[in-house]
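Undergrad: What TrEMBL records for this protein is below:
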{"type": "TRANSMEM", "residues": "35-55", "note": "transmembrane segment"}
{"type": "TRANSMEM", "residues": "61-83", "note": "transmembrane segment"}
{"type": "TRANSMEM", "residues": "103-122", "note": "transmembrane segment"}
{"type": "TRANSMEM", "residues": "128-150", "note": "transmembrane segment"}
{"type": "TRANSMEM", "residues": "162-183", "note": "transmembrane segment"}
{"type": "TRANSMEM", "residues": "195-217", "note": "transmembrane segment"}
{"type": "TRANSMEM", "residues": "229-250", "note": "transmembrane segment"}
{"type": "TRANSMEM", "residues": "256-281", "note": "transmembrane segment"}
Amino acid sequence: MGPRLTSNHNISGPTPEMFSPPTAKLPYHMLEHTPLFLAIAVIAAFLVGLSKGGLPSVGTLAVPLMALVISPVTAAALLLPIYVISDMFGLYLYRHHFSARNLAILTPAAILGVGVGWMFSAHLSPTFIGMLVGLVGILFCFNAWFGALYRKSARKADVPGGVFWGVLTGLTSFVSHSGAPPFQMYVLPQHLPKLVFAGTSTILFAIVNAVKLVPYWQLQQFSNLDTSLGLWLVPAAVIGTFVGAKLTRIMPDGPFFLLVQLTLFGLSIKLIADWIVPYFFG
C-alpha cells in the first residue's frame, strides 16, 4: 500500500489501495544519516528556500527528491518545519509585493483544502492525487503556450475559480507540499507583475504551512523525526530563500514566467509518472 498521511487510530471505510502503488522506502527512524541522505536533505532544503524566494514550483521538487531515500510521507513531515522557517524570511522579502484580492480569495479556500486533507487523511493516495494534478498541469501549460496565440487579455481573479483552485492548492499542499501547480494554474493567466506573483505565492503558502502544523502534529507525523537534523537544514533553506529572491528580481518577466511554466510542466510529468510507472509496471 502506498504512503498515506494517517493517525495511529484505525479508521473504517474504503481505502485507495487500487490507486496507491507499494513503496519500499524505510521509515525515517530506521535510516542512518549517510552522506547520500544528508546531501539530498540539504539540496531539498535549498530548493524549499528557492521557492520561498520567489520560484514556487522549485520547492515542489523537494519531497520527490527526499522520497529517493525515505518515504514521501516522512519527507513531507521532515520538510514542513523547514518550509515554515523559510516562510518567515520570504514574508519579509515580499512584504510590499502581493495581490490582496488573490490572497482574500485563495487563503480561506486553501485552509479549507487543508481541512479536507486532514479529514480524509486515512483515505488519500498522494500519488493518485498527484497524477490528477499533473494532468491538469500539462493541459494548463499547453493552453498557456498555444492558447496564448489567440488570447491576449489577462483573466480576472474570479471567486468561483479561486475557490476551486484554492481548495486544491491546500489539499495537495497538505498531502505532499505540492500546492504550487494548482496555485499557478489560477494565478498565471492573470498576468500579474513578477514580484506580485512571487509575493502572493510566498504569503499564501506561509499561511497554509502554518495551518498544516496542527494536523501534522495531531496525526503524529513528527513523532519519529530528528529535530537536530532539521536545525542543520535551516541554513541551506535560508540561503536558498535569498538566492531565489535575487534570481526573481534580476530575471526579465518573459524568461521568469517561462521558467515557472517549464518547471510546472516537468513536475506535472513527474507526478503522472509517480503513479503510472509503479501501478502499471511495478
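Cβ atoms here come from the backbone N, Cα and C positions, even for glycine.
Heads up, TrEMBL stuff is auto-annotated, nobody curated it.
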Undergrad: I'd like to know if the transmembrane segment (162-183) touches the transmembrane segment (128-150) in this structure, counting it as a touch only when three or more C-beta pairs sit under 8 Å and are separated by 6 or more positions.
TA: yes
Undergrad: Does the transmembrane segment (61-83) reach the transmembrane segment (35-55), going by 3 or more CB pairs under 8 Å (6 or more apart in sequence)?
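TA: In this chain the transmembrane segment (61-83) contacts the transmembrane segment (35-55) - 3 or more Cβ pairs sit under 8 Å.
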Undergrad: Mind pulling out the one from 35-55, 103-122, 195-217, 229-250, 256-281 with the most Cβ pairs under 8 angstroms to the transmembrane segment (162-183)?
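TA: Result: 103-122.
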Undergrad: Please report, as numbers and ranges, the same-chain residues at least 6 past the borders of the transmembrane segment (229-250) whose CB is under 8 Å from any CB of it.
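TA: Counting only partners 6 or more residues beyond its ends, the transmembrane segment (229-250) has Cβ contacts under 8 Å with 33, 41-55, 58, 78, 81-82, 85-86, 89-90, 93-94, 194-195, 198, 256.
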Undergrad: Near the transmembrane segment (195-217), which residues from the same chain, at least 6 beyond its ends, have a CB less than 8 A from one of its CBs?
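TA: Contacts with the transmembrane segment (195-217): 5, 51-56, 77, 80, 83-84, 87-88, 90-91, 93-99, 102-103, 106-107, 110-111, 114, 117-118, 121, 169-170, 173-174, 179-180, 183, 187-188, 248-249, 257.
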